[in-house]
Structures are given as C-alpha cells and as structure tokens.
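Structure record follows, encoded as structure tokens.
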Amino acid sequence: MAGGAFVSEGGGGGNSYEGGVTVFVIMTCIVAAMGGLLFGYDLGISGGVTSMEEFLSKFFPEVDKQMHEARRETAYCKFDNQLLQLFTSSLYLAALASSFVASAVTRKYGRKISMFVGGVAFLIGSLFNAFATNVAMLIVGRLLLGVGVGFANQSTPVYLSEMAPAKIRGALNIGFQMAITIGILIANLINYGTSQMAKNGWRVSLGLAAVPAVIMVIGSFVLPDTPNSMLERGKYEQAREMLQKIRGADNVDEEFQDLCDACEAAKKVDNPWKNIFQQAKYRPALVFCSAIPFFQQITGINVIMFYAPVLFKTLGFADDASLISAVITGAVNVVSTLVSIYAVDRYGRRILFLEGGIQMIVSQIVVGTLIGMKFGTTGSGTLTPATADWILAFICLYVAGFAWSWGPLGWLVPSEICPLEIRPAGQAINVSVNMFFTFLIGQFFLTMLCHMKFGLFYFFGGMVAVMTVFIYFLLPETKGVPIEEMGRVWKQHPFWKRYMPDDAVIGGGEENYVKEV
C-alpha cells in the first residue's frame, strides 16, 4: 500500500450498460458546455479592461493618476485599489448568492431552465457594462453577470455528467472547462484588439459578453432535458425515451432501473441541504464539494486569468506586451485543456491531479524566485528581456499544469460524486465555495501582492502542495464509475468506508471499483 491511495480496477469498474456513444449526445454536450463561455469570457475580459488607460481615467482616476505619477513606493503596489478590485470581484459575490437559488430551480424545474435564466441575466449585465456612465452602473452590471455565472455554473456541469455515458463522462464534462478556456482566450484577443482603438475600446470588450449569453439562451431552448431530471419530475416514459435516444439503444433497462432506484431514494429526502450536512453517508460528497473548489481557487489561477495584463504590467511589461502575454497564457490554457480531454478517461482523475499539482508547485516557486531576484522587497528594479521571457515561460508551465488538472477536474469531480437526492445541493455548495474564494482572491490579490510581494507566489505554491497531499490520500479514482454507483466506491475506500452504511450502495453486481496500490 502506498499511503492508502486507490485506483480504478478495469478502467473504473461499474456496470457496463447497453448502448454506445451517439452523435446526438456528443452534440448535446458540446452545446451545453458553451455555458462555460460566459465564465471564461468574463475571467479573461476584466483584467484587460482594468489595464486600459481610458477605462481607468473615466472610472478609477486615482489609479490612473498614481500609475502615471508613480506615487506608490513600490512597483508591487501600482494597482492596489479596493474599488478597482471590487469591479472585478463583485461578480463572484452575486454568483455565490445566486447559486443557492439556482439549486432549487435546477431541482424543481430542470437543468435547462437554470441555463436559460443564467443566459438572460448575463445578457442584461453585459449591456449594463457596455453602456455604463458611472461606477454604480458597472457594479450593477457585474452583479447581473454574477447571477448568470451562478446559474450556468450550477446547472451545466450537472447536465453534462447526467447526459454523458460513464466511459466518456470525463471528456464530455471537461467540455465545460474547455469552453471556459476558449472564452478566456477570445477575451484576451478582443482586449488586444480593442486596446488599439482610439476611443471606447473598453465598451466593445465588455459589450461583446452578450455573444456567449445569446448562445446560452438559444442553447437552453434546443437542448433536451436529462433523464435524471425528467425522473425527478415524474416523467418516467419521457425519461426512458430520452435515455434510449442518448444511448442509441432500445435495451436500457439496467441503466434505467438504476436511475429509477436513485430517483426513489431522492424522493425520500425532503430537505437535501439538511441531509448533506447531517447524514454521515453524504460526508465524502460534502467534503469534496467544499474542498475541491476551495483548493481550485487557492492555486492562484484566477490571479493569472483575470489579472494577467495587470500583473505583467506591474512586472514591467509594456502595454502591448502585457496583453500579448495574456493571449499567450490563454492559448496555453486552451491547448492544455485538450490534453485533459484526451487523458481523463484513459488514465483517470488522480494521476492528472497529482502530476498537475507537482508542476504548479515548481512553477510558482521559480516565478516567485525570479521576481524576488529582480525586484526584491523594495519593488525597485527592471526586468531584462531574458528574465521576462523566463517568467512568462514558467507562468505558462503553471497554467498548463492547472489546465489539465485542477481546472477541469475541479468542476468534473464534484458533479460526478453526488447521489441524485443531494446533487443540486452538492453542486450549489461547489459553485458557492468556488465563487466565494474567487471573490476573496479577486478582491485582495493586488493588496496581497503589495504587502507579500514575491512571497505571494510561494504562498500559492505552498497551498498547492497541501492540496496535492489531500488528493493523494483521500480521493478515490472515479473514472468509468456510473454516478448512481459512487456509494460502492466510498464503501471500499479505507477512510470513507466508516461513513457509508450498506444501503448507500445502489446498483447490482459485486464488482470491485477500487483496489489498494
């Protein structure tokens, strides 16, 4: 035994249901995954906009003034302004609050309705921002964008996990993260283009957020609902027909029976929130739905994603160079997510988590050291082109490690481990914890950089080390395991089995899903 680590047996185990991978289910999941464009576009656009001089002079003149007059005593503090950070981070407070409402809507009315509400809110918010004349309009727009993100991030990963066959669930679910990374890259490219405009480039950047919102709204009309959601609302025949359609087979009796068993168990739960917090058998789901989004944000990734242009500018990159560097990291993000799509259902979740964690630790330490050697604690100094290239290279290495590990798996794993009766509540916890810590990082990163200086990168590297150990000892492999049979995986884990009663296991057969290594 190596530290109690577990892996899947036979590709993850689980019942082998009838049917295969149909074009219909792949196209459905691709359309649904476009919900990630909302989140990704916002992550990418805000940092570029807040580095544009016209935007700063109109809404945040104090930041613009101190940047030009170099009033601050250190380069680390160039952009340290709470109101400026509130523009970026306010979205995530709204997303946090709306995720709880989205949980109830998703359970009662289906996953599609949540996607529709999210798209409409994001559309209205993008218009507020594009036509903003004061900071109040900007903040209101950001709050509406947050409602959109909260609804989309709550419903889309659940939708993808429920539609996809178990053997390719990871790859299809990561389509959501892929859409996020594409949204970030598109936003970075748009920011670079609009920064060349003589006037109102920031309005174009913020207003184009309406495009992914429209895609989301249209998608919510054309997508079918999931069999799980139909069963929750008593539509048994429609659920069977949909299952036959997405699996491409008439004989879906075994899988349909497991879904019905899970649905019957769900009906016995009057209050999913009370159960997930109080019943021991839901302890693994509660821990991972809370810990994984916390760890995902404490990697520091969103520092790179929505403050990349500001960060590169702080380090001495010229205006164009800072935006181009953000485009480069965005492109690395997209390509590396493709690696995850290829590997997640072949090699499993654990190996990606562990390798990506080690890669991020090394990268953060090197970046912190390079910045410390050039700027020290005073913040005085300049980057040579060679040092700037090395910093950019290791930031790209860090982004790559995140993009094939904590990025996609941070959404995939929580969405595939919760039984139906607590699934909306579990995903709401996942989204709300994610948004809360995204808010904290967004609101205080520039202040942390001002006070912790290059040591901030050591802080993030240390946190990645902690979470890598957490994954090694506590996360079993979930590759290829049907969602309705996750109870069997927890039952055979050396730590989590103490919380799992015999009736927590759904599904026939005596398959072993995990084994010690």
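Think of each number as a place in line: the chain as shown, counted from 1.
A Cβ is built for glycine as well, from the same backbone N, Cα and C atoms used for every other residue.
Residues or ranges marked as topological domain 'Cytoplasmic' by Swiss-Prot: 1-18 (among others).
Per Swiss-Prot, topological domain 'Cytoplasmic' is recorded for 475-517 (among others), and the stated evidence type is sequence analysis.
Among residues of the same chain six or more beyond the transmembrane segment (19-39), those with a C-beta under 8 A of the stretch's C-beta atoms are 115, 118-119, 122, 145, 148-149, 152-153, 155-156, 159-160, 163-165, 167-168, 172-173, 175-180, 182-183, 186, 209, 212-213, 215-216, 219, 222-224, 244-249, 252, 255. Among the features that Swiss-Prot reports, transmembrane segment is placed at 19-39 (among others), with the record citing sequence analysis.
Among the features that Swiss-Prot reports, transmembrane segment is placed at 86-106 (among others), with the record citing sequence analysis.
According to Swiss-Prot, the feature transmembrane segment maps to 120-140 (among others).
For the transmembrane segment (143-163), same-chain residues at least 6 beyond its ends with a Cβ under 8 Å from one of its own Cβ atoms are 25, 28-29, 32-33, 35-36, 38-39, 42, 90-99, 101-103, 105-106, 111-112, 114-115, 117-126, 128-129, 169, 172-173, 175-176, 209, 213, 216, 223, 226-229, 246, 411-412, 414-416, 423-424, 427-428, 430-431, 434-435, 483. The transmembrane segment annotation in Swiss-Prot covers 143-163 (among others) and is backed by sequence analysis.
As annotated by Swiss-Prot, transmembrane segment applies to 170-190 (among others), with the evidence given as sequence analysis. Note on the transmembrane segment (170-190): residues 25-26, 29-30, 32-45, 48, 156-157, 160-161, 163-164, 204-205, 208, 212, 305, 308, 323, 326-327, 329-331, 333-334, 337-338, 340-342, 344-345, 349, 403, 407-408, 411-412, 415-416, 479 of its chain, located 6 or more positions outside it, place their CB under 8 angstroms from a CB of the stretch.
According to Swiss-Prot, the feature transmembrane segment maps to 204-224 (among others), an assignment based on sequence analysis. Below 8 angstroms of C-beta separation, residues 28, 31-32, 34-35, 37-38, 41-42, 45, 48-49, 112-113, 115-116, 118-120, 122-123, 125-127, 129-132, 141, 145, 148, 152, 159, 183, 187, 190-191, 194, 197, 242, 245-246 of the same chain, each at least six residues beyond the ends of the transmembrane segment (204-224), sit close to that stretch.
According to Swiss-Prot, the transmembrane segment annotation covers 292-312 (among others).
Swiss-Prot lists 324-344 (among others) with the feature transmembrane segment, giving sequence analysis as the kind of evidence.
Residues annotated as transmembrane segment in Swiss-Prot: 351-371 (among others).
What Swiss-Prot lists as transmembrane segment is 390-410 (among others).
Taking Cβ pairs closer than 8 Å, the transmembrane segment (429-449) reaches residues 76-77, 79-82, 84-86, 88-90, 92-93, 95-96, 99-100, 102, 146, 149-150, 153-154, 157, 276, 286, 289-290, 292-294, 296-298, 300, 302-303, 306-307, 310-311, 314, 410-411, 414-415, 456, 459 in its own chain, all 6 or more past its ends. For 429-449 (among others), the entry in Swiss-Prot reads transmembrane segment, with the evidence type sequence analysis.
Look at Swiss-Prot and you will find 454-474 (among others) tagged as transmembrane segment.
Tertiary neighbourhood of the transmembrane segment (454-474): same-chain residues 3-5, 287, 291, 295, 298-300, 303, 350, 353-354, 357-358, 360-361, 363-365, 367-369, 371-372, 375, 377, 406, 445, 448, 495-496, selected by CB-CB distance under 8 Å and a gap of 6+ residues from either end. Per-residue confidence over the topological domain 'Cytoplasmic' (1-18) averages 42 (mean pLDDT, predicted model). Residues 38, 59-60, 83, 86-87, 90, 98, 146-149, 151-152, 203-204, 206-210, 212-214, 216-217 of the same chain sit 6 or more residues outside the transmembrane segment (120-140) yet have a Cβ under 8 Å from a Cβ within it.
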